[in-house]
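Each remark here refers to the structure printed beneath this line.
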Amino acid sequence: MTVTTRFAPSPTGHLHVGNIRTALHNWLLAKQAGGRFMLRIDDTDAERSREEYVDGIRADLAWLGLVPDGEERQSARFALYEAQFERLRAAGRVYRCYETAQELDLKRKVLLGRGLPPIYDRAALKLTEDDHAAKAAAGEAPHWRFLLDHDEPIAWDDGIRGAQAFEARMMSDPVVRRADGSWLYMLPSAIDDIDMGITDVLRGEDHVSNTAAQVQMFTALGATPPRFAHEALLTGSEGKLSKRLGSLGVAQLRENGIEPEAVIALLARLGTSDPVDPALDAKALAASFTLRHFGRAPARFDEAELHRVNAAVVHRLPFARVAHLLPDGMGEAAWEAIRPNLEHIGEAAEWWQVVTGPVAVPTLEDEDRAFLATAAETLAGLEWSGEVWRALTGALKEATGRKGKALFLPLRLALTGREHGPDMAALLPLIGRDAALERLRAAS
Ligand code: GLU
C-alpha cells in the first residue's frame, strides 16, 4: 500500500511553528517512502472555521514547498459521515445521551471526590425507547457517544512512543456528535483516515488519548487502524510551552527574513537525535527521515538557532533562487561575493549599494592617506582583471613594506567606506576600475 500521510489543521487560526513541524514531518514521512502527503481541512466547526485561514494554510504550505498530493475538506464530506454514523448506529456502537454539561460536571466531581477516575457512567444506555420518545416529545435532542468495547484490548505500536496499551473500561465513551447534529473531531477524522487511505497518522502527543478511542472506531467501521506515531510537543527554548510559539507563523518568519529552506532544515530535525544540517534540502531530508530518531523529551525550538540556520542557508542559496529578490543590476558574481556576509537576503541591497556607490569617504591619518595615493597610482598602472586585488595588494606590500591590517584596512575603508565586509578580491572587480580609482583618490 502506498504510504499516505495527512496534515489535518483546523482553519481556526494561522499555522504556527508547531503545526508547521507536524506538516513537514508528515510530508517527509510520505516522501521518504515515495508516498502521498494529503492536506485535510478539519472544518467541521462552522462557527470557528474561516475561509481566510484555509487560504492562509494553503499559502503557507506553498511557501514552505510542502505541496499536498491532494486536498479534502471535512465540510464537504458530511454525507459520508452520516452514512458511516448510520452503520455504527445500526451496530449499536453509538448511543443517545441527554446530560447537560453541568450534570456531567457534577458526576465528574462526585467521582473525583470519592477518589475514582471521572469516567462517564453510561447512565444513558439504560434509557428505554419510551424514555427517548418522552425526551423527544419534550423537545430534547440527544447528543451521541461512541460505545467503547470494554472487552476489546486497545494497543498499538507507536512509531515514536513504542508499545501503547489502554483499557477501554478506564475511558469515557467519547461524544462524537452534538445535539444539533454537528460533528466533533474524533469520528469524522477516523472516517476520513479510512476513506482517504491514510496509512500513517503522525501527530502531537496531545492526541494519544484520542488515538486510544479512535483505534476502536477504526475496527468498528471495519477497517484496520493505520500506523500511529505521536511526537513530543514543541517547547520554547526556555523549555516551556511559550505564547510566542503559539503565534509565530509564516508571516512573522518572512518578515524577519527567514527563508523556507531554513525553517525546513531546522524543523525537520527538531525532536530527533540528528544534527541540523543547512546543506540539506527537503528531498535530502526526506531520504534520511526516520521516526526511530525521535525522542520522547519535548523538542525545544530556539529562535536564535533558526536565525543561525537561516544565515547558513542564505550563504548557500544559488543566484537563480534569489535573483528576483536582488536589486536591479546585481548579478551572479555580486551575489556570490556578498552572500557570505548576509544573515538575510534583504541585506544584499546594502552591500550592492557599497558596490555601486557612493560610499562614505573615511577620515584617515596622513600616513594612510599617502599610502592610498600610492595605491591609486599603483592601481592605475595595473591591468584590470579578476585578479586585480591580489595584484594590487602584492605590489603595495612590496612597495611600502606594509602588511596585514595596515595594508588591507585603509584600502577597504577607502573602497567600501566600511571596516568590514565581503572579500575584497571579489568586491573590487565589481566596483570597477574608474570607481575604485575615484574612491582611492578621494580618501587620499
Ligand atoms: N484537526 C486536528 C487538530 O488540528 C487534527 C488532529 C489529527 O491529526 O488527527 O488537532
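Placed from the backbone N, Cα and C atoms, the Cβ positions cover glycine too.
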Worksheet item: What range among 160-164, 240-244, 325-329 does TrEMBL describe as motif ''KMSKS' region'?
Response: 240-244
Discussion item. In TrEMBL, one of 9-19, 42-52 is tagged motif ''HIGH' region'. Which stretch would that be?
Written reply: 9-19
Worksheet item: Do any residues of this chain, six or more beyond the ends of the motif ''HIGH' region' (9-19), have a C-beta under 8 angstroms from a C-beta of it, and if so which?
Response: 41-43, 45, 48-51, 53-54, 56-57, 60, 185, 204, 233-234, 245-251, 267, 301
Worksheet item: For Lys243 (ATP binding site), which DSSP three-state class applies?
Response: helix
